[in-house]
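As recorded in TrEMBL:
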| type | residues | note |
| --- | --- | --- |
| DOMAIN | 11-364 | domain 'Major facilitator superfamily associated' |
| TRANSMEM | 12-34 | transmembrane segment |
| TRANSMEM | 74-92 | transmembrane segment |
| TRANSMEM | 98-117 | transmembrane segment |
| TRANSMEM | 137-157 | transmembrane segment |
| TRANSMEM | 163-183 | transmembrane segment |
| TRANSMEM | 204-227 | transmembrane segment |
| TRANSMEM | 247-267 | transmembrane segment |
| TRANSMEM | 274-293 | transmembrane segment |
| TRANSMEM | 299-320 | transmembrane segment |
| TRANSMEM | 332-355 | transmembrane segment |
| TRANSMEM | 361-380 | transmembrane segment |
Amino acid sequence: MNAAPSLFSARLSFFYAASFLVSGITVPFLPVWLMERGFGPQEIAACLAFPLAARLIATPAGSWLADRAPNRRMAIVLFALLGLLFFVPATLAQGNLLILVLTGLAVTAWSLIQPAVDALSLTGVRRFGLDYGRMRVWGSISFVCASLGAGVIFGAFGAPILAPLIIAGFATCLAVAFLLPVTPKAERLADDASRQPRKSARTILLSPSFLVIASTTGLIQASHGIFYSFGTIEWQALGFSGSEIGVLWATGVVAEIVMFAISSRFLRLRAETLILAGALAAVIRWALLPLITSFAMTFLLQSLHAFTFGATFVGMQLAIARTVPEEMTASAQGLCMMSAGGLMALTTLMAGTLYERLGVHAYWVMSAFAALAVIIIVVARLRAQPQRAGVGGLTKLPR
């Protein structure tokens, strides 16, 4: 195994921290900013669903570009720049349709960063033996700091302060992107040439085992649709303060941080075992959330984010690292993101109507999505057969 270039892990950790400033502000507070701009529940759902649907086209295209660019840093800088250029005019626009389109394009551009930077991180995992979880955890730490900080600032200054905060997050992400390490395409291809046997992208990315991973992680992430759309608004209705809301968002991500920090202990597990744990936790989380109104119990329930996102995400990354050649890594990340994006677009579009009609009990529909992921994994395991070399099937992933 080769020695890592100078500060390879540190520069990736720094970028994860910078990029997650954006999500640390937008995930809890973008719906609040939209409501302040005059959006109703269904319009908020449509605005949040727009980038998720756009990813169905943008993610494969962005992943294709990242895999074929001279280096992945170049692609990441481009995506960060586009996010900033779209969101700034969104804050000045008049009319809900124009705000929706510009905000959706900004979030879509930002979302393309994640498959590319994760692919760059997996380069470090495979070529230099680096710990993915210890790099990615800094993104979660940044999310916590951003959501807590934004909650305090929002409590002091109200919704108008949110747009400048989001712009600052995009600008920071763009600036730090220029510091990312470079792995030239020629070196990536040379590394893959030493891996035998080679398989086509179609064989790998459309294999039953990989499609189980992509579909189940997509269903689990999609089960967060109501939460990401109306979680903050529902907590406001329960009387939680801006600071308390920031703490609740941070609590889930602190649990996620713990999961990433200990992720190296799960390397002997099957990827689908971690994803199954995430699916079961999601069933429980969304089933119980409508029944809880106290801050203390909500605080405790948020800890399940360690599994509903953390374990699911680590399981997906393990599956990709073990089965997908480096030249296809961004495409594999993109396929999983596309699955999650399409299903999340569906649940987010549903969220407006569900929340209007069912209120907080709409979470029970999300619990059903997670239950479907459990069923798929269990059925796939029951149907799995011992694997011979070169034969597909959901069996223990190679180390």
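Don't overthink the numbers, they just go from 1 along the chain as shown.
Placement of Cβ uses the backbone N, Cα and C atoms for every residue, glycine included.
Unlike curated entries, TrEMBL annotations are predicted automatically.
Source: prediction; values computed, not measured.
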Segment confidence, the domain 'Major facilitator superfamily associated' (11-364), expressed as mean pLDDT: 86
Criterion met for the transmembrane segment (98-117) and the transmembrane segment (137-157) (at least three Cβ pairs under 8 Å): no
For the transmembrane segment (12-34), distant same-chain residues with Cβ under 8 A (at least six beyond the ends): 43-44, 47-48, 76, 80, 83, 99, 103, 107, 110, 113-114, 117, 120-121, 124, 134-147, 150-151, 154, 159, 162-163, 165-166, 168-170, 172-173, 175-177, 179-181, 228-233, 236, 245-246, 249
Maximum Cβ pairs under 8 Å to the transmembrane segment (274-293) - stretch from the list 74-92, 137-157, 332-355, 361-380: 361-380
Residues of the parent chain within Cβ reach of the transmembrane segment (137-157), under 8 Å, 6 or more residues beyond its termini: 13-14, 16-21, 23-25, 27-29, 32, 165, 169, 241-247, 249-250, 253-254, 256-257, 260-261
Dominant neighbour of the transmembrane segment (163-183) in 74-92, 204-227, 247-267, 332-355, 361-380, by Cβ pairs under 8 Å: 74-92
Same-chain residue ranges lying at least 6 outside the transmembrane segment (204-227) that approach it to Cβ under 8 Å: 271-272, 275, 278-279, 282, 286, 289, 308-309, 312-313, 315-316, 319, 323-325, 328, 331-332, 335-336, 339-344, 346-348, 350-351, 354-355, 362-363, 365-367, 369-370, 372-373, 376-377, 380, 392-395, 397
Folded-back contacts onto the transmembrane segment (299-320), same chain, C-beta under 8 angstroms, at least six residues removed: 118, 122, 132-133, 210, 213, 217, 220-221, 223-224, 247-248, 251-253, 255-256, 258-260, 263, 266-267, 269, 271-275, 277-282, 284-285, 288-289, 292, 329, 332-333, 336, 370, 397
Close approaches to the transmembrane segment (361-380) from elsewhere in its chain (Cβ under 8 angstroms; 6 or more beyond its ends): 208-209, 212, 215-217, 219-220, 222-227, 230, 272, 275-276, 279-280, 282-283, 285-287, 289-290, 308, 343, 347, 350-351, 354-355, 394
